[in-house]
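S.K.: If you scroll down you'll find the structure; I have some questions about it.
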Amino acid sequence: MLHLFFFFFFFSTRRYGGGPPRFGGGGGGNRGGPPPGKFGNPGERLRKKHWNLDELPKFQKNFYQEHPDVTRRPLQEVEQYRRSKEVTVKGRDCPKPIVKFHEAAFPSYVMDVIVKQNWTEPTPIQSQGWPVALSGKDMVGIAQTGSGKTLAYLLPAIVHIQHQPFLEHGDGPICLVLAPTRELAQQVQQVAAEYGRASRLKTTCIYGGAPKGPQIRDLERGVEICIATPGRLIDFLECGKTNLRRCTYLVLDEADRMLDMGFEPQIRKIVDQIRPDRQTLMWSATWPKEVRQLAEDFLKDYVQINIGALQLSANHNILQIVDVCNDLEKEDKLIRLLEEIMSEKENKTIIFVETKRRCDELTRRMRRDGWPAMGIHGDKSQQERDWVLNEFRYGKAPILIATDVASRGLGHVTLILKKVLFFSHLKVESLWQALGMTVPGLERELDDILELLNWLATQWA
């Protein structure tokens, strides 16, 4: 059983940096959106384009031909399949799901890569998402990390690109994937590169915290697929290193996360540079009103696909312990808890904190006291972050102290037998976002504890 310990203390936020906390990780190394720079707010020099659809070159986006096996499948069987996989759909003219890979009718070079993976069947989001995306429809996919959503949008993107004219000199990407953090962007890039090689498509990944030169050279050579964090993409758009005139397939991955991190202004600036008759796919783990508003603004006549229960429920394999304590008590409580956890071999612990400064302070203190701890946050170099994550993955440093940036690189970490959450003044939803990233298969649970935690916050804040 996974034990979750929530230490809530409500007197020390200003001691560690002051002001409301922002998340430790960030796309392009920025939290809460890139700070104002030399030319003012990010994207200030980008002017909203006024599109005349009559003057734009036409493009094709509906490539779906329903497989005969799918056509013959009775609606009763379709509904039974959706119920068994917890798939719910909303929207007009939603196609039937496919249940076998061959029913998607992907090109042979895509199927060859799929076959090498030894997968038996599509995941639920792929099963329902592929027919929708291949039909050229806008869509919202609500699914947890690990659900297979990356392939759910990348494989239709490859088909979409192959039906467009070849890139010419000076053209920007045809497919743009926006991601909140460089860790997620790199994960998507790994998948895109594998399938891109098979389909002879060029891909690149642009994000902050890395040299601009190689990224600029990729863009200047021309890429069909660009995976980007908002901050770095805004930089390149403003200085003319790329453009989005050819972009007809837009993906917003982890849209809820991008909004949490304050990237909404940047997203809107970027989307303004893309023709309005594009195909847009938005992906989110949650469906709050802010994400719904974004969907209403960016998507047209979209299909919504939800994987899992519509009402989030508790995971009874998790023991939750909420400990409301003051600032003077919390570290003693943490040490006692760690002594218990680390007495068992191969246990790993993640301690989430709210600020980079707190992360560094706690890491130094624990290492001074002999604990095998390492820290990670958005100000560390990419090379250092990768090294720390590998040390944690392989058990050389079984205690990881992190801002939530670490959750982006831990999606496939196994053997996390214990976990500590060491928060103060963070949104409760953010706790579950971190949990969903670091514990494979973990369902978010808000119904039974959200009210309690919010009540505690109002009583003690």
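Just so it is clear, glycine is given a Cβ too, placed from its N, Cα and C backbone atoms.
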S.K.: Could you check which of 99-127, 128-156, 157-185 is flagged in TrEMBL as motif 'Q motif'?
M.R.: 99-127
S.K.: What is the pLDDT of the domain 'DEAD-box RNA helicase Q' (99-127) when averaged and given as a whole number?
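M.R.: Taking every residue in the domain 'DEAD-box RNA helicase Q' (99-127) and averaging pLDDT yields 93.
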S.K.: Of the residues in the domain 'DEAD-box RNA helicase Q' (99-127), how many are helix, strand and coil by DSSP?
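M.R.: Helix/strand/coil tally for the domain 'DEAD-box RNA helicase Q' (99-127): 17 helix, 0 strand, 12 coil.
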